[in-house]
Structure formats: structure tokens, C-alpha cells
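Lifted from TrEMBL, the feature list:
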type	residues	note
BINDING	K7, F8, G9, G10, T173, D174, Y179, R184, K209, V210	ATP binding site
BINDING	T47, E74	substrate binding site
Amino acid sequence: MALIVQKFGGTSVGSVERIEQVAEKIKKFRDGGDDIVVVVSAMSGETNRLIDLAKQISDQPVARELDVMVSTGEQVTIALLAMALIKRGVPAVSFTGNQVRILTDSAHTKARILQIDSQRIQRELKAGRVVVVAGFQGVDGKGNITTLGRGGSDTTGVALAAALKADECQIYTDVDGVYTTDPRVVAKARRLDKITFEEMLEMASLGSKVLQIRAVEFAGKYSVPLRVLHSFQEGPGTLITLDEEESMEQPIISGIAFNRDEAKLTIRGVPDTPGVAFKILGPISAANVEVDMIVQNVAHDNTTDFTFTVHRNDYNSALQILQTIANEMGAREVIGDTDIAKVSIVGVGMRSHAGVASRMFEALAKENINIQMISTSEIKVSVVIEEKYLELAVRALHTAFELDAPAAKTAE
Ligand code: ADP
Ligand code: ASP
Ligand code: MG
């Protein structure tokens, strides 16, 4: 008998009918003899609706209260799913994050899980019940409700699987696995049978929202067998694996990720003296603004240009800070651009292949797409381009790295 943690995302529980379908599916697993812990998200659109409500009161709602509110979305679905299971004769019980003590730090809206007290869940499992746990939420040491950041139910699922030493964590969603790139953008994207944790981590952190980054981190750290599957279609899904050798047929590039959430800032004509980068980025990080890519140009006339990217939500505050710095340093001007996107190619196969980046640049050049910034690591190359070319760029790279599926395919 296996212990399986199953997480169902927002679309999979998006209506009463779907919740009934999910209950049917869980019943089948139970009838097969497995112990099941289920984690559910809020019904699709619900978290956004709640955030919009808060924004009608204040542009920047108090984070503690925002968490009290957005956590209610998941509370509705756990109860509905437990009811649907009980109606089918499957003993079930629902719990909020607080009730099973998913202990987090106090960083409201982006809390990290510190510890899970699995005893309560173990007792319920022993008593023969399916345990339904609210995703995305926890409680801090002082009893405040916290949430884990958008997409956080994935992390709840993986963390529970780690705490319970489950045999597998299954992430059920509206696509039948992890693809070479978002199948909603590239019709020729291919489902991967396997992907390494390292690659999945890069894909997630570079914009593929199929799994939350922290869920992948957790799964890697605690060696949780993790699989992404379609909620309502049969299929093997995608296994996230520790073993590089095991991963696929070792293509150079496993996937292409992209991100439209960044903005670019440039301070021009700053004096080229030691400490410039610190003078510019010190105040930015002091304001809690995270910087992603950074480029400093080669100086001429003893001045240089300095460019970096931040999350689009932080663009206005970063721009203001930069204006002040520019005045203090006697820089020539500050310019900003929000119409940018980042495209990244990811693959452990890059380690053993030279010329991957130039192949990427060649493919973009052929489409006349200008590269504004570049950054590389051992297993990825990222470029910043004009946002309007994003889809063209992703498709061109998908073809250039021979990732296209033989026949056109659509998701769902
Ligand atoms: P859920 O509500 O189930 O958590 P999400 O919307 O968070 O679902 O994640 C699933 C979505 O992730 C898919 O519908 C797909 O559009 C998107 N996605 C982005 N990149 C990929 C990828 N490489 N493979 C599969 N899906 C991806
Ligand atoms: N409901 C939360 C969100 O929309 C958490 C999740 O779905 O994973 O971000
Ligand atoms: Mg999600």
C-alpha cells in the first residue's frame, strides 16, 4: 500500500462538476488500496478576485490582512471536496494550513514553510480517511495566517509529501506534463517524459509557472518523487528526476522558458570610478527591490552606462530611486523600458556542448530580433528582447534546437 500526496490546481477544481470529477478520481485510487492526502488550490480565478477586492480598498493592502483574505479561497475547496468524497462513501476530512500546523516564517504573502506537524494527518490516515489539506497557506509562530506566494499550493503538496515520506507527490493540472515550453504559446511543444530537478528549477525560476520554484527546491532537497500529470486525462505525465543520466535522451536543450514580468532601467553617463555599481544598486536593494540581470558598458570619456532589470511591479519605485542617484552622481540621464521580455534556453546538456549560445543568437538574428541583454550560467542562456517579439523568439528557438513535435498538438 502506497501513500500518495495529490495536488489539484485551480482549473481542476474550478467548478462543482470538476470537484465531483476529482472526487471520483480519488475514490478510484482509494479503492486500489492507497492512502491519499489531497492538497487543493482555490477555484480558478478566486485568488485573483480576492486580491482585486483588497485593491479596491487600498493600492497596497496590509499584507497580514491580505493573507487572512486570500487564504479563504482554499478553505472553500477543501470543504467542497471533502463533501464530494463523503457523498461517495469515501471517509474524508478537510484541514486548513493552521489546523495541520504548516508552520511558516512571518513573511506575509511569500512565507516559507519551516516545519509540518504530520501527526494529525497520520492519525486521520490510520483511521482510514482521505485527508484534504488547503494549499498555499500556513501559520506563523504567533498564530497569524500566512500564504506561500502565487502558485504556492504546489509547495504545500511537496512539503507534505516530504513530511509524510510519501511514495510520490502527484501534481495534477490542466496540461498533461511539463513541456519543452508553454504549450499554450507553442503548439509544437512536446511533453517531456523526464526532466532533472536542476533543469526544472531553472525553468520555474525563469518563468514556467507549471510548478512553483519552491516546490521544486523542496522536492530536490528532500528527494520527493515528483510527477506532473493531467487531472482528467490518463497518461504518464512528467517525472522530475534527480538522475541526469536518466533524463531523456540527453538533448542539449530541454526547454525554453520566458517571462514578461520584468522591466529594464538604464542610468547613462555615470562617472566610471570604483564603487559605481554599489552606489547604484545599494539603494535599490535597500528598498527591497530584487535585481535580475545587470550590464555595465565599457567606459569611454570616463563615463559609462549601467543597465539592470527588476520585476515590473517594482519598476516605478526603482525608477524614482534611480533618478535621485543620477542627480547625486551627476549622471547624464535615466531611461526605463517596461516593454521587454526575457527568453531562456535551459538544459544540462549544455555543459558538454560548446556553441549553444551562438546557436541561440543566430536563430534570433535570422528573425531580426535584437538582443538587449544576455546572461549565462552552466545550464542556461537568457536574453532580454522587445516584448512584442517574444512569441516569435520562443517559436524560432524551439525549432532551432530541434524541440518541435512531429505533428501539431494543442494542450488540454
Ligand atoms: P494549476 O492551476 O493547476 O496550478 P498553473 O496555471 O499554475 O496550473 O500551471 C499550469 C500551466 O502552466 C499550463 O496551463 C501552461 O500554460 C503553463 N506552462 C508554462 N510553461 C509550461 C511548460 N513548460 N510545460 C507545461 N505547462 C507550462
Ligand atoms: N490559489 C493560489 C494562487 O492562485 C495558490 C495556487 O493556486 O497554487 O496563486
Ligand atoms: Mg499553479
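FYI, residue positions are counted from 1 along the chain as it appears here.
Note: Cβ is positioned from N, Cα and C throughout, glycine not excepted.
Recorded features from TrEMBL, shown on the structure.
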residue	record	Cβ neighbours (10 Å)
K7	ATP binding site	27
G9	ATP binding site	24
T47	substrate binding site	24
E74	substrate binding site	30
T173	ATP binding site	22
Y179	ATP binding site	28
K209	ATP binding site	14
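For the ATP site listed in the record, the two most distant Cα atoms among K7, F8, G9, G10, T173, D174, Y179, R184, K209, V210 lie 21 Å apart.
Closeness to ligand 2 is met by none of the binding-site residues K7, T173, Y179, K209, no Cβ falling under 6 Å from the molecule.
The separation of E74 (substrate binding site) from Y179 (ATP binding site), Cα to Cα, is 27 Å. In terms of C-alpha distance, the listed binding-site residues K7, G9, T173, K209 place G9 closest to T47 (substrate binding site). Checking the binding-site residues K7, T47, E74, Y179, K209 against ligand 1, the ones whose Cβ sits under 6 Å from it are Y179, K209. For the pair G9 (ATP binding site) and E74 (substrate binding site), the Cα-Cα distance reads 10 Å. Classification of K209 (ATP binding site) by DSSP places it in coil, neither helical nor stranded. Not one of the binding-site residues K7, T47, E74, T173, Y179 has a CB under 6 Å from ligand 3. For the pair formed by K7 (ATP binding site) and E74 (substrate binding site), distance between Cα atoms is given as 12 Å, rounded to the nearest Å. Taken residue by residue with DSSP, Y179 (ATP binding site) is part of a strand. Between K209 (ATP binding site) and E74 (substrate binding site), the C-alpha separation comes to 19 Å. T173 (ATP binding site) sits 16 Å from E74 (substrate binding site), taking the C-alpha atoms as the reference points.
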